[in-house]
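**Q** This is the structure I have questions about; it appears just below.
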Amino acid sequence: MCPNLDANMARCCCMLVLLVALGVCEASRGREWAHHGASMFADLTPREMRDVRDYLQGKPELGLTATRGKDLKKNSILLMELHLPRKHEALRTLDRGHAKPTRQARVVVQFGNQAQPNITEFIVSPLPFPTSYTGKTFKGDRPIRFESRPITAAEYSHIIDILQKITAKVHKVLFETTGGFSFHNCTNRCLTFSDIAPRGLESGERRTWIMLQKFVEGYFIHPVGFEVLVNHKDLDPERWTVEKVWYNGQYFDNVEELAERYEKGTLEKVQLPDHDDEDLYSTYIPRGHSNTRTDIHGPKLVEPQGPRYHVDGNFVEYAGWSFAFRVRSSAGLQIFDLRFNGERIAYEVSLQEAIAFYSGDTPAAMQTKYIDAGWAMGTVDYELAPGIDCPEIATFLDLHHYYDTDKPMRYKNALCVFEMTTGMPLRRHFNSNFQGSYNFFGGLENHVLVLRTTSTVYNYDYIWDFLFYQNGVMESRVSATGYIHATFFTPNGLHYGSKVYNFVLGNLHTHLIHYKVDLDIAGRENSFESMDLKYVNFTNPWSHKHSVVQSKLVKTQHQTERSAAFRFGKKFPRYVHFYNPNEKNKWGHQKGYRIQYNSHANSVLPRGWREENGISWSRYPLAVTRHKDSEPTSSSIYTQNDPWEPVVSFEDYIRNNEDITNQDLVAWVTVGFLHVPHSEDIPNTATPGNSVGFFLRPFNFFDEDPSLSSRSTVIVRPDKEGKPKVQRWTPEVVGHCVTDKPFFYNGTYAGV
């Protein structure tokens, strides 16, 4: 095996070969285990959903009936989704190749057909052939108030019924105000509605402000100046009541008072302008002069020799990266077992919550505090449009959800995976010889893999991205688009937004997005430090008459959870760094990753103020805790309708102030932005400038830039005659879809 060597050198050579072989074997085995374990995190299949439904509906003690149907006094399944395995159990599979833990389902059941209605969660197992169910509780055994449940199609049907009765009494008011639109017995030129949350002012209530809008394309920005407060707490819709009415800046105790005063002419009336369907300001139909040619298409992405990534079920591999993904019905996109070149960077990076808290002058506007997990944010991931939502070359995947339904629902092409070029080099350098030529040029194209889905939570569309770069960087990004949440214009409303059309106010609001980032940097034992700069002033050692002022790096080791909870409104560190104190790179640095923010978020309410208790995570751009399986999420589907006494209180996670040195750590990351609507938000908010997120960036994790392994690098050097000599490791000609000409570069420069 090692010829022409003495015995010692032969032994060394053979040992080296053995070590290389073992490394290759270990890497192959690690990849096999990651691939094998990915299905632990896969969403429930339609078959599993049906099996769980049939099993629970076959239990006479539960008394479950169909979910659909108008009866509110029933026991039925509201939500079904994967129940994740415990981390230590999952790691036995991922790191040692052990058998996968038993698959389980989390099921939310509404028990409305009993003396004391309640919401109960069950863990059903094993899948796909369940034989048992056990109750699931939240930390601190907090009970789930029945009034905190998300609203369902059945309840909406009764809301429509009561709105029919309400609007019948003020038909003339609405018809004359809107120029012929109506809600009651409408067949053409109809009104629709948006319901506001939270539903009340304190825990245990279920009172909703509802505002009417013209039912046209983009009805969200067509308020008509009529809002009504409906108490729908009772499970008998016949006992629902109207508690307050608002019309054109005026409050009334009931609908009859409004109708009577309108007839008498003792209130301020309003007449909205009419709009032809073709001229609606809320449509996507092009209008105005265009300077862009319409006889040719714009640039498109191509894969000249086919895709360079691999998708197998919920397992993805690309350029050294591998991960598993799921789309949790209650919250949205999540990735697990994130590895680069076989080394785990994070066990979980997952969307937890998205909120939009508004201000305004109308009752609906001042009440609007949307907490989107309460609208099953993960289930509203509708079909993605090729060439618009994702490139045509993308891999499109279906998603399945079981929410407020009697059977699994398929969302076709709701998630996509694609590789793209950013149009920006990952790195490059032109090395001039300062004599009209160059010594060399080197560059590497910046290709990234994108995992994408969307959530259309009524008016807003969120585009959720995870991006994977060749240099070991991962980016999490959310881009906001869709329609603004608009209310009826009043002069006082200008304190809370902008007039964006006749009688339309775009209400100011703040978006906050919360992520869970369970980092495992070179293992589970991690520590956390922040880095800042301070000026130092000292005598210049080579000119004693002068002083040197420069920045010095100051590191702060955070040893407890409270010390690592950074409040909005206070100075945030320049660097936040997670590292393994027991593992070092070639240069003696502790291997680490840092979180870099792309955000201009701030708090939305004063600490402890009513609804703020339900979103206590929003106090912190970053909080670091020890991992606990009992702290899986920072929010819940119940927070929207009971933020005052939430079943999940993030503040509890840091209240015990545990040690976070050399521990399994979780970073809880909040990003967001303020949106003051403006005329350019008509018809839709555009994505440029409305994207926020964070990067996971290696910080001494590697010995050098790992993208050096990329064979997409191009190096150009002049030969002895000064002609460019191109060195590359990929095909010379990209492909006819891009260009049929080989790469050419001439780095000379001269006067003209």
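Placement of Cβ uses the backbone N, Cα and C atoms for every residue, glycine included.
Features from TrEMBL:
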- ASP372: active site, proton acceptor (ACT_SITE)
- TYR460: active site, schiff-base intermediate with substrate (ACT_SITE)
- 59-132: domain 'Copper amine oxidase N2-terminal' (DOMAIN)
- 149-249: domain 'Copper amine oxidase N3-terminal' (DOMAIN)
- 300-708: domain 'Copper amine oxidase catalytic' (DOMAIN)
- TYR460: 2',4',5'-topaquinone (MOD_RES)
- 1-27: signal peptide (SIGNAL)
**Q** Using Cβ atoms only, which residues of the same chain lie under 8 Å from TYR460 (active site, schiff-base intermediate with substrate) while being at least 6 residues apart in sequence?
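**A** Listed in sequence order: ALA356, ALA480, THR481, GLY482, TYR483, HIS485, THR685.
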**Q** Could you count the residues of the domain 'Copper amine oxidase N3-terminal' (149-249) that DSSP puts in helix, in strand and in coil?
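**A** Taking the domain 'Copper amine oxidase N3-terminal' (149-249) as a whole: 31 helix, 31 strand, 39 coil.
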**Q** At a 10 Å cut-off from the C-beta of ASP372 (active site, proton acceptor), count the other C-beta atoms across all protein chains.
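**A** ASP372 (active site, proton acceptor) is surrounded by 28 other Cβ atoms within 10 Å.
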**Q** Tell me, what is the mean pLDDT of the domain 'Copper amine oxidase N2-terminal' (59-132)?
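**A** Its mean pLDDT is 96.
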**Q** Helix, strand, coil: count each for the residues of the domain 'Copper amine oxidase N2-terminal' (59-132), based on DSSP.
**A** 10 helix, 27 strand, 37 coil
